[in-house]
């Protein structure tokens, strides 16, 4: 853990290099990789997010019911989207780890990185083929070929950097066992592409196995750790060889720094918020001929027809914005992200990427009122999973709170109850709306819009509500010792105070 955390500081240290170091880099024909990393992170977050577009463009004609076959089609596309989104995030983590090894770049390395990014940009197209032609293996095959090409380019970057040691990070540059390190890194980098090669082969005659192998790529770090744990239990812990890397440690599956996680997450939230307006610009601009013939040249009347679409947009944007604010508030108090927290954050971002689909479902209420109940439930489910995984991040952090959290949000901290309420608000609201639609199906649209309107106001009043709830809890707690024996009351009160109530809010 300590090795990778130290290495994460390297890109930040390159942000403002001294003037003399810049002159030395200019003489060597090298430069800092900081800006290229920012460009790559932005591109990868965009690619991961636009994977949802083929799902949102699932066409349901006005006369077509949202029946079981349509639900199965949409569920299948969402499942494939989640898989490909997670694979892209694996590629992002691998790329970030790659440039812990590479400290500087030259023109050749920059071009190799651009080739890697170009291959990554083809992934949404291959995903579109996968969801449009689910029974044709070509889409799966091409997706696997792209992942293999990404791994091959990353291997070239590693080989090139080790061939010119002045491009390596200072830790590796001073190491006497660079050959062993290079082999170790290449083995880690090429494991995913090797599984994709097997998936591409299976796609030609048994494509369900291809999906299983691609899912394995996502959980490969946890499979590796579980197998290592089992091996240590059965055969005893192995001693590291004497020639192991003495200064530098490299593991693709160790958690990234909090700053890199925040940057990638902010990119996903920003792109999702931007994607919402694209459909407004594309589908909700009246045709001049229709304005003249149907609305007697009244643009205001024509725009009035799109009122439900704008209502859905405002509600969806508020949802994205408040989920980002909850994520920001959480990571503001996070000291260090663990591997489990990284996985939960990735799952949360995958469902945040699905919020444009929720917008598409809610904007269709006016066009297809018969299917509004199913569409409301799909939207509530997406919002619930996007927010519940945020809550799970905090829960996982609390398990190791001394290492991962600031004192204010730990058990008994000043902001503990407020953070609990902030992260639990959207899961509770979406779950309540889902349950209400089951009981009051006739009012499903009104229930959903009420949730979208009430949650922002609840955020504004949340701190006041938490203070009132804590005051009421303290009042009930002060009455509790009267019903307990004197000895037990004095023993239980400090524990309850320490675990449930903050010192002040």
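Note: Cβ is positioned from N, Cα and C throughout, glycine not excepted.
If you look up TrEMBL, you'll see 18-28 marked as compositional bias 'Basic and acidic residues'.
Per TrEMBL, the feature region 'Disordered' maps to 1-33 (among others).
Residues annotated as region 'Disordered' in TrEMBL: 484-505 (among others).
Annotation source TrEMBL lists transmembrane segment at 37-58 (among others).
What TrEMBL lists as transmembrane segment is 78-99 (among others).
Per TrEMBL, transmembrane segment is recorded for 111-133 (among others).
The annotation transmembrane segment is assigned in TrEMBL to 139-164 (among others).
The transmembrane segment feature in TrEMBL is assigned to 185-205 (among others). With a threshold of 8 Å between CB atoms, the same-chain residues lying at least 6 positions outside the transmembrane segment (185-205) that come near it are 90, 94, 98, 101, 137, 140-141, 144-145, 147-148, 150-152, 154-155, 158-159, 211, 213-214, 216-217, 220, 250-252.
Sequence-distant contacts of the transmembrane segment (211-230), counting only residues of its own chain at least 6 positions beyond either end whose CB sits under 8 Å from a CB of the stretch, comprise 80, 83, 86-87, 90, 140, 143-144, 147, 191-192, 195-196, 198-199, 202, 252-253, 339, 343. According to TrEMBL, the feature transmembrane segment maps to 211-230 (among others).
Residues 265-266, 269, 272-273, 276-277, 280, 284, 348, 352, 355-356, 358-359, 362-363, 365, 383, 386-387, 390, 422-423, 425-426, 449, 452-453, 455-456, 459 of the same chain, all 6+ positions outside the transmembrane segment (310-327), place their C-beta atoms under 8 angstroms from a C-beta of that stretch. Residues annotated as transmembrane segment in TrEMBL: 310-327 (among others).
What TrEMBL records for 339-359 (among others) is transmembrane segment.
With a cut-off of 8 Å between Cβ atoms, the residues of this chain six or more beyond the transmembrane segment (380-399) that come close are 319, 323, 326-327, 330, 334, 338, 340-341, 344-345, 347-348, 351-352, 354-355, 357-358, 405, 409-411, 419-420, 423-427, 430-431, 433-434, 437, 448, 451. For 380-399 (among others), the entry in TrEMBL reads transmembrane segment.
TrEMBL lists 419-441 (among others) with the feature transmembrane segment. Long-range contacts of the transmembrane segment (419-441) within the same chain, counting only residues at least 6 positions beyond its ends with a Cβ under 8 Å from a Cβ of the stretch, are 319, 322-323, 326, 329-330, 333, 373, 376-377, 380-381, 383-384, 386-388, 390-391, 394, 409, 447-448, 450-451, 454-455, 458-459, 462, 465-466, 469.
Here TrEMBL flags 453-473 (among others) as transmembrane segment.
Outside the transmembrane segment (111-133), and at least 6 residues removed from its termini, the chain residues within Cβ reach (under 8 Å) are 36, 39-40, 43-44, 47, 50-51, 53-55, 76-77, 80-81, 84, 88, 91, 95, 105, 139-140, 142-143, 146-147, 149-150, 153-154, 156-157, 160.
Sequence-distant contacts of the transmembrane segment (37-58) (same chain, six or more residues past either end, CB-CB distance under 8 Å): 11, 73-74, 77-78, 81, 84-85, 88-89, 91-92, 95-96, 99, 113, 117, 120-121, 123-124, 127-128, 131-132, 260, 263-264, 267-268, 271-272, 275, 279, 349, 353-354, 356-357, 359-360.
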